[in-house]
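Enquirer: Here's a structure for you.
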Amino acid sequence: MSSIKIECVLPENCRCGESPVWEEASNSLLFVDIPAKKVCRWDSLSKQVHQVTVDAPVSSVALRQSGGYVATIGTKFCALNWEDQSAIVLATVDKDKKNNRFNDGKVDPAGRYFAGTMAEATASGVLEWHQGSLYSLFPDHHVEKYFDQVNISNGLDWSLDHKIFYYIDSLSYSVDAFDYDLQTGKICNRRSVYKLEEEEQIPDGMCMDAEGKLWVACYNGGRVIRLDPETGKRLQTVKLPVDKTTSCCFGGKDYSEMYVTCAREGMDPESLLQQPEAGGIFKITGLGVKGIPPYPYVG
């Protein structure tokens with residue numbers, strides 16, 4: 001086993017960094033800062049960061065086959081034109097729930113954009129439960145709703161054989177699996193494949209590696225964990241020097257590097273002194289496993 005190296009490659013001070021996605025064509029990492037309403041693109045060669053600011057919290061970003069990107073902004077699925085920094089609305093969800101916004105999203109192997117919603121915490125910090133739903137934006141821009149009663153819709157990915165959909169509702173403290181139909185996008189037969197342990201805290205973003213194992217970022221747990229979804233066993237824990245790890249993806253040459261986003265919002269001054277890299281982008285090398293390229297939205 002090669003030795004694992006963890007470094008903060010971008011001290012970005014994200015309030016809530018999320019949705020890391022590797023763009024091979026530009027050797028860049030895309031990510032968002034949700035409350036800052038920013039979509040960012042970090043060039044791994046020049047080390048430059050470019051960003052587009054949008055008009056509402058932006059919770060996920062994905063590649064688009066026809067060029068540019070797609071993103072979930074507020075309760076809208078949007079197309080993002082990087083050159084003129086414009087966002088075009090493709091569809092809107094949860095119109096009856098003014099306090100809702102999208103959270104994590106990802107494109108499935110057939111090119112549909114899956115994303116779920118949640119209620120924003122109120123001014124007093126109270127989170128309304130069961131307000132979210134899981135949706136998918138199809139290539140023809142119609143939206144399908146899979147289920148509601150979601151607390152915090154979060155990490156999602158698909159098995160290598162495209163037969164299982166993995167999903168996290170953070171406040172269930174569980175990684176769940178569904179049977180998945182690639183042709184129709186339908187999901188059914190929900191079951192839990194891993195229940196988080198107390199010190200692992202809250203399951204957040206998630207990605208699949210080339211061996212069919214899941215990597216889950218643990219919010220407030222300061223770690224990513226590698227799971228075998230078939231046996232329900234945790235295979236590995238990689239701890240980071242920040243607590244609020246939010247999501248992870250593979251990227252870099254051969255997809256052999258892991259990138260991890262994190263947050264600094266909600267941390268007290270003492271914690272920020274102890275974790276000066278909170279809100280940064282981390283790169284983990286030496287894991288000895290590779291990822292798979294992200295799928296682009298085909299609409």
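For all residues, glycine too, the Cβ spot is worked out from N, Cα and C.
Marked as domain 'SMP-30/Gluconolactonase/LRE-like region' by TrEMBL: 16-263. Taken from TrEMBL, the feature divalent metal cation binding site applies to Glu18, Asn154, Asp204. The substrate binding site feature in TrEMBL is assigned to Arg101, Asn103. The active site, proton donor/acceptor feature in TrEMBL is assigned to Asp204.
Could you place these features in context, so I can see how deep they sit and what lies close by?
Expert: Same-chain residues at least 6 positions away in sequence with a Cβ under 8 Å from that of Glu18 (divalent metal cation binding site) are, in sequence order, Phe31, Val32, Asp33, Ile34, Ser59, Ser60, Asp104, Gly205, Thr246, Ser247, Thr261, Ala263.
Asn103 (substrate binding site) is surrounded by 27 other CB atoms, counting those within 10 A of its CB over all protein chains shown.
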Enquirer: Using a 10 Å cut-off, grab the number of neighbouring Cβ atoms around the Cβ of Asn154 (divalent metal cation binding site), all chains included.
Expert: 29
Enquirer: Can you work out the mean pLDDT of the predicted model over the domain 'SMP-30/Gluconolactonase/LRE-like region' (16-263)?
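Expert: The answer is 97, the mean pLDDT of the model over that range.
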Enquirer: Give me the CA-CA distance between Asn154 (divalent metal cation binding site) and Asn103 (substrate binding site), in Å, as a whole number.
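Expert: Here the two Cα atoms are 6 Å apart.
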